[in-house]
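Asker: Please read through the structure below; I'll follow up with questions.
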Amino acid sequence: MAVILDLSCVVLLLLSICLCPVEGQNLGTDNVSVIEGEMATISCRVKNNDDSVIQLLNPNRQTIYFRDVRPLKDSRFQLVNFSDNELRVSLSNVSLSDEGRYVCQLYTDPPQEAYADITVLVPPGSPIMDSREDVVSEGNETELTCTAMGSKPAASIRWMKGEQELTGEMTVDETYDRMFTVTSRLRLTVSKEDDGEPVSCIIDHPAVKDLRAQRYLEVLYQPEVKIVQAFPEGLTREGENLELTCIAKGKPQPHQISWLRVDDDVPSHTVITGSDLFIENLNKSYNGTYRCVASNTVGDAYDDYILFVYDAPTTIPTPTTLNLDNTQGTVCPHFVNSQPSPVCTRVHACESDEGAPQKIDHAVIGGVVAVVMFAILCALIVLGRYFARHKGTYFTHEAKGADDAADADTAIINAEGGHNNTEEKKEYYI
């Protein structure tokens, strides 16, 4: 019987040990981060509460709330919710002195505790941005400084130039009451493209968003020079005029613009007016390189123009006046240097009624003359052959019987019919 009682006691003892609460098992809370001046909320939560008492203690172990009763005379603490499973308390207008570890306590045997750490965030003030010099010349280095003061925790600083992120050198100094001052220095070599470029320092801190400072770079640079041919629009030819304009931009604006001819003097009658150069009546002796030089406080720069004078265009022939069908006309030159003549007076000899240009075809005239000469030659040949065929000795009726006569008189007497037939004699001549 005694053995049975002992076994029963052992079983009850083991059950009592298993049913005893373990520290932290049923009680829970969360850490809180709050910006200075705002409100923090502390929640003590209990699982499977058996009507045990919940209370909240401050870092000095003073009771803030016992169940739903507030023993501490600090009106900034207010009860938000109380039940068997939760005690929720708010703290308004949080300051740095409120930072610390708060205790949620559950009256069990032994008591249970859970801890909520309140961290107070202090945002930095507006960043202070400064530059070693307000104006910097191209190619030189400048230094920019950005400072974020009085933050908790320490802030971080990023740099941006336009859309490009840059890296600065950062230092952190701790001041009173766990506050921090952060300074970042950016060293930058500038070019003329950086003139007017925005540079920003951006503050990253959990208590603030989009906090930045910005300034624009002011960069001085030497002039940029370009020569423009204002006249003529095309090739430069002998006898024409030349006008050049020098366009110079810089920061500051160029205070001096001058013209010169490389390796020679400019023509004696050249007219220079500020940034413009004018040469009248060009000839090939003016060929060479002409230079425009612009200066400002940063430096000098120049641009070159190479002049090459081409031959003058071929002179248009003087129009020739013809009398065609009793109509005065002008023979127009149609091409000059294989190009259509720009000048032609419209008259009847040059253009038809429809405006089409007319011209005398010497080949046709030559052909007509050749045909005429050939026809004349053919006529001469025919006549020659005709006369050749009718050449010879011709006899009349008086010559009959002359073969046997000793002389002419006898021949006449012996002629057929004698003098009696004189009336019937006929002669034929060609």
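Placement of Cβ uses the backbone N, Cα and C atoms for every residue, glycine included.
Feature list, courtesy of TrEMBL:
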{"type": "SIGNAL", "residues": "1-24", "note": "signal peptide"}
{"type": "DOMAIN", "residues": "21-119", "note": "domain 'Ig-like'"}
{"type": "DOMAIN", "residues": "123-218", "note": "domain 'Ig-like'"}
{"type": "DOMAIN", "residues": "223-296", "note": "domain 'Ig-like'"}
{"type": "TRANSMEM", "residues": "363-383", "note": "transmembrane segment"}
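Have a look at these and tell me how they're positioned relative to everything else.
Answerer: Shown for the domain 'Ig-like' (21-119): DSSP residue counts in helix, strand and coil, namely 3 helix, 49 strand, 47 coil.
Taking DSSP states H, G and I as helix and E and B as strand, the domain 'Ig-like' (123-218) has 6 helix, 60 strand, 30 coil.
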Asker: Give me the DSSP three-state residue breakdown of the domain 'Ig-like' (223-296), ordered helix, strand, coil.
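Answerer: Secondary-structure breakdown of the domain 'Ig-like' (223-296): 3 helix, 41 strand, 30 coil.
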